[in-house]
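Following: one structure in structure tokens, then a few remarks.
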Amino acid sequence: MIEKISKDDWQYLVPFFACTICFIATDFLGIIDKTYIAYWSGRLFYEPYRMITSHFFHGDLNHLLANVSGIIVARYFLKSLGLKSDYFFLAFVALIMPLQAFICWCLDILVLGNPMSLAIGFSGVLFGIDAFILMTTIYGKNKFLSISCELKKDPGLLKSISLLTGVGIIWSFLPGISLFGHMSGLLAGFLLFWL
């Protein structure tokens with residue numbers, strides 16, 4: 001069943017259009033080189049803008065479509081949990097992007113000693129949203145920071161989000177996929193849930 005568009009859907013359209021416009025700028029128009037905006041563990045603290053920009057750019061059309069469809073799936077789950085906020089999703093995305101990039105940097109630099117890790121895409125953010133939704137299906141969440149979100153716990157959705165997250169984790173082990181990008185997003189989502 002297709003749901004009608006509600007007045008708070010703009011918060012999902014903003015990252016959707018940001019990803020789409022960035023893809024057009026890099027892959028069709030060629031006005032931005034992805035290496036200048038990608039997450040790069042060795043340059044992250046010299047060029048902190050990469051904590052944000054890396055999330056909106058994608059490797060190819062399949063990568064973009066997978067991630068923008070993830071935004072649609074996140075909307076479905078949040079609406080199913082009874083989200084009552086006009087800007088929760090955008091606030092969450094704005095907070096999780098730098099947190100996910102920082103956790104990924106810690107794994108790359110402090111654990112692996114790898115200053116050459118490169119990554120792009122919105123999937124780390126989506127894994128964070130998945131983790132947040134997973135915890136919400138178990139415990140519910142009335143407030144996120146000072147934002148009233150009134151998310152109800154829903155054991156019925158727990159199986160669906162668990163399956164989705166599990167398949168995503170398995171997918172993360174495929175070649176060309178950033179395992180640390182996905183896992184750092186998952187960890188960031190769990191951390192933000194407990195705020």
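Backbone N, Cα and C atoms are what each Cβ position is placed from, and that goes for glycine too.
The following features are taken from TrEMBL:
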type	residues	note
DOMAIN	47-195	domain 'Peptidase S54 rhomboid'
TRANSMEM	12-32	transmembrane segment
TRANSMEM	61-78	transmembrane segment
TRANSMEM	87-112	transmembrane segment
TRANSMEM	118-140	transmembrane segment
TRANSMEM	161-194	transmembrane segment
> Near the transmembrane segment (161-194), which residues from the same chain, at least 6 beyond its ends, have a CB less than 8 A from one of its CBs?
Replying inline: 39, 59, 73, 77, 92, 95-96, 99-101, 103-104, 106-108, 117, 119, 121, 123-137, 141, 144
> Can you give the mean pLDDT for the domain 'Peptidase S54 rhomboid' (47-195), rounded to a whole number?
Replying inline: 91
